[in-house]
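Peer 1: Straight from TrEMBL, here's the annotation block:
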TRANSMEM  62-80  transmembrane segment
TRANSMEM  100-129  transmembrane segment
TRANSMEM  141-160  transmembrane segment
TRANSMEM  180-198  transmembrane segment
TRANSMEM  210-231  transmembrane segment
DOMAIN    245-502  domain 'GP-PDE'
TRANSMEM  515-537  transmembrane segment
REGION    577-597  region 'Disordered'
COMPBIAS  581-597  compositional bias 'Low complexity'
Amino acid sequence: MPVTRLKLGKLKVVRRQLLQRYEHQPFVSCLAGLYGCQWRRYQRARAQPGECCCSKVECGSFGLLILTFFLSFLFLYFWSEAQNDYNDFDWFNFGTLGFWFPWSLVLLVVAAALFTYIALLLVLAVCLLTEGQRLYLHWSHKTGIVVTLAFSVIATAVLSDLWSKEWKTLLLSLQVTAPFLHVAAVSLMAVLSWPIAFHFFRMNRKVRQVAVLGLFLSVLFSLYLVPLGMYSPCIKEAGTLGPAPRLFGHRGAPMLAPENTVMSFEKALEAGGEGLETDVTISYDGVPFLMHDSTLRRTTNVAEVFPNRTDLDASMFTWAELQQLNAGDWFLTRDPFGTVSSLSDADCFQAQNQSVPSLVQFLEVASRSGKLVLFDLHRPPHEHPYSQTYINTTLQVVQAHINSSQVLWLPSEDRALVQALDPELQQTSGEKASIQELAEDHITRLNLHYSTMSQQQISKYQSVNISTNLYVISQPWLYTLAWCAGAQSVTTNSIHILSNIRQPLFLMTPEEYTLMWILTDAVSALLIITVFIFHWWRERGLPFWSGSRQTHETGPYSKFRTELSDVWSVSSVHVRPDLRSTPSSPSTPHLPTITEE
């Protein structure tokens with residue numbers, strides 16, 4: 001019996017400690033100071049049991065904070081997943097503004113900083129609510145929220161208008177990140193269940209209770225069911241993954257050397273490239289050369305050599321004039337991929353002395369290595385001497401310097417004539433079409449933008465021996481998707497990075513994914529139920545162990561002084577009958593007597 005009583009006594013002590021509510025003064029002071037600049041205790045107020053945590057103005061501020069959090073997260077996620085196309089975005093701005101600046105990285109840093117700021121404010125607010133404090137957001141933070149909201153909305157709207165294809169990139173990214181975002185979101189809901197349950201059981205109005213619990217459960221159950229609508233080519237049966245896509249160097253290896261130069265193509269082959277991609281233009285005197293842009297302004301020093309011809313079409317220069325230009329110094333000066341610092345002194349010296357290469361030089365590099373070549377052919381202006389014969393001129397150079405079977409012929413003009421003149425060329429189309437149409441044009445390969453990636457279509461074309469090449473894929477997660485989707489090859493800027501990837505970054509069987517999904521939902525549901533039961537037990541359990549009526553935090557307090565801080569604990573009290581006031585007795589205050597059982 002004594003042992004049993006001792007155990008029961010220990011259980012009561014443990015339960016009493018769990019039922020007590022503590023206001024940790026240094027912690028709360030720090031929270032209130034950071035959130036509302038209320039560093040002194042008398043500036044703060046606790047929320048009354050069952051009442052709203054803040055005024056209508058502060059409720060609006062808190063709602064705006066939540067909205068800003070989600071919008072800033074959306075933009076940050078959107079732009080961080082667009083890293084694959086940062087180079088295109090920066091060069092687009094160069095063409096518009098006339099000077100080079102890494103706008104994409106600056107935008108990413110600003111978005112990350114603003115989101116971090118908003119996320120910290122939201123964490124502070126939730127912690128204050130958990131401590132039962134009224135919210136008061138300082139005006140400087142309100143200004144910061146409005147600025148962040150405006151930035152997120154404006155940036156999203158502008159990029160959606162100018163760079164709308166990036167939304168397709170975002171949808172593709174969900175095929176890799178959705179399982180992990182699902183786990184993170186469900187975990188966040190489990191954490192939020194603590195303050196929500198804390199306030200739910202303190203509310204006096206049933207309407208508020210139903211609204212809060214209904215909203216919480218609606219979001220939670222929606223997250224539980226999200227995986228039902230998820231699709232990813234990387235969730236597949238074991239043993240069904242095909243070989244890794246072959247790598248085509250996009251204009252060579254533009255992260256390691258100036259694009260469309262002999263050095264760039266040599267670097268691509270050294271890094272493990274199985275093919276080379278470029279763009280061909282024909283000079284005014286009929287020499288096919290490599291140039292992607294319509295002008296020479298971006299990748300040469302034409303402004304120094306021919307200052308009055310910077311906006312002239314590249315094809316309007318003779319080959320002798322083109323040979324006067326430097327095609328590598330811009331790479332070291334602007335550092336478009338931020339990789340120049342990783343190059344050796346010898347590579348920098350070589351890059352600085354690159355010139356505009358001819359198609360012959362390019363084909364000789366590919367011919368020596370036995371690699372495939374893929375190039376687009378730009379049609380010169382109408383007044384150009386070779387505007388009508390540029391295809392034949394280019395074809396003659398190809399046939400004279402490389403085995404035709406190594407060439408993926410992409411130009412669509414006069415395709416039937418080209419096929420008749422050289423049947424060994426691998427006819428390649430840049431557009432999707434029906435299998436019948438592709439067969440009539442003798443198409444053996446498709447060269448498609450990665451945003452059109454579809455496992456079903458790739459498989460359909462592969463069934464009739466039509467390979468699919470996706471461009472431009474430079475991020476490992478996009479390469480993973482292309483691999484899982486069954487693409488036969490990809491064109492990339494980061495050939496030195498993708499060549500080292502030996503397996504997809506994300507790959508699991510349907511059974512593994514289902515188990516992950518069920519475990520996540522089940523564990524979170526168990527935790528949330530436990531939290532709600534605990535708060536119910538704490539709120540309703542006070543009278544049972546104290547032996548008196550239930551009291552809230554507005555009731556009597558006992559204050560204990562410690563060496564570290566002031567600790568307020570809420571406990572039930574017994575007031576001696578002889579100290580209670582009666583109508584006939586004078587109204588004199590009495591301190592209640594605290595008793596412990």
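The backbone N, Cα and C atoms fix where each Cβ goes, glycine too.
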Peer 1: Could you please provide the mean pLDDT value for the domain 'GP-PDE' (245-502)?
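Peer 2: When the pLDDT values over the domain 'GP-PDE' (245-502) are averaged, the result is 96.
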Peer 1: Grab the same-chain neighbours of the transmembrane segment (515-537) for me: Cβ-Cβ under 8 Å, and only residues 6 or more beyond its ends, written as numbers and ranges.
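Peer 2: That would be 179, 182-183, 186-187, 189-190, 193-194, 197-198, 200-201, 220, 224, 227, 508.
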Peer 1: In the same chain, who gets a Cβ under 8 Å from the transmembrane segment (210-231) while lying at least 6 residues past its ends?
Peer 2: 174-175, 178-179, 182, 185-186, 189, 192-193, 196, 199-200, 203, 513, 517, 521, 525, 528
